[in-house]
Amino acid sequence: MPPSISAFQAAYIGIEVLIALVSVPGNVLVIWAVKVNQALRDATFCFIVSLAVADVAVGALVIPLAILINIGPRTYFHTCLMVACPVLILTQSSILALLAIAVDRYLRVKIPLRYKTVVTPRKAAVAIAGCWILSFVVGLTPLFGWNKLGEVERAWAANGSEGEPVIECEFEKVISMEYMVYFNFFVWVLPPLLLMVLIYLEVFYLIRKQLNKKVSASSGDPQKYYGKELKIAKSLALILFLFALSWLPLHILNCITLFCPSCQKPSILIYVAIFLTHGNSAMNPIVYAFRIQKFRVTFLKIWNDHFRCRPAPPVDEDPPEEGPHD
């Protein structure tokens, strides 16, 4: 580590380490809870596990790489490019997992009687695999050529240097802002976010419509079913809101960089935006713990069984809720 780390850099590194220390154990706990509780085995929670895997990787991989970039090592261009790409992959994976969750909740309230035949474990696994493959394609696009190598090589040659350029590794020195704005944001971030908002509005409309119906006693208690669906949908919509709140500021700053090159961006705003994006990976387990009872109970059981050495009451492993007329 270079000896000249400023107090500001030290504070930045400390905050990043704190975020990682919350994110990694919290999301590992989410994955662990789904593994030990049969009631958390339906498609929605499989997609939540995919989201948690991405968040673990943010804490364990992206944050250490961000700290490394902040220190400012001099590296070959393509080495720096490989350091910058993981965050693009994991962001895209999170967005597609959130979209899959939204579609899954929509199907649960739109076709409750046919839901289990339409959304099978096999189809959920294929969807998760597809989301990750697409995330790698989108996130690794800069490695396929959409980057700033040409610009850097011209500056490198102008200085009389030969071979692959060596640069101070910074995200904006290797990643094209055209890629970040036109391709990443306008194609793969903003449209899915808007689509998810529309899906959740439709989900809430369908649930409210069912809850307002007068139902007969022989209907299989649909009000209980849709009441649970409403509670879970609110929690998952909160996850979506927090994701948008965390990531939109950085994308807006990228738009300013591209469309107004002469505009000055205060460093503190850039760091706050970065902290928000990384901090989002630590938020979801907290939301699950406070908003979804099955997670809360399972978290407590894991804590008591494995960390307090005291047996806990058995987890409620009721099967996932059936449709209102099953």
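Cβ from N, Cα, C; glycine included.
All annotation found in TrEMBL is predicted automatically rather than curated by experts.
Record features (TrEMBL):
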- 26-288: domain 'G-protein coupled receptors family 1 profile' (DOMAIN)
- 12-33: transmembrane segment (TRANSMEM)
- 45-69: transmembrane segment (TRANSMEM)
- 75-103: transmembrane segment (TRANSMEM)
- 124-146: transmembrane segment (TRANSMEM)
- 185-207: transmembrane segment (TRANSMEM)
- 232-248: transmembrane segment (TRANSMEM)
- 268-290: transmembrane segment (TRANSMEM)
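Nonlocal intrachain contacts for the transmembrane segment (75-103), taken as residues 6+ away from its ends with a CB within less than 8 angstroms of a stretch CB, comprise 44, 47-48, 50-51, 54-55, 57-58, 61-62, 65-66, 68-69, 127-128, 131-132, 134-136, 138-140, 142-143, 147, 149, 152, 164-167, 169-171, 173-175, 184, 188-189, 192-193, 195-196, 199-200, 203, 236, 239-240, 243, 247, 277. If one looks beyond the transmembrane segment (232-248) by at least 6 residues along the same chain, the residues whose Cβ comes under 8 Å of a Cβ in the stretch are 44, 91, 94-95, 98, 101-102, 105, 109, 189, 193, 196-197, 200, 203-204, 207, 276-277, 279-280, 283-284, 287-288, 291-292.
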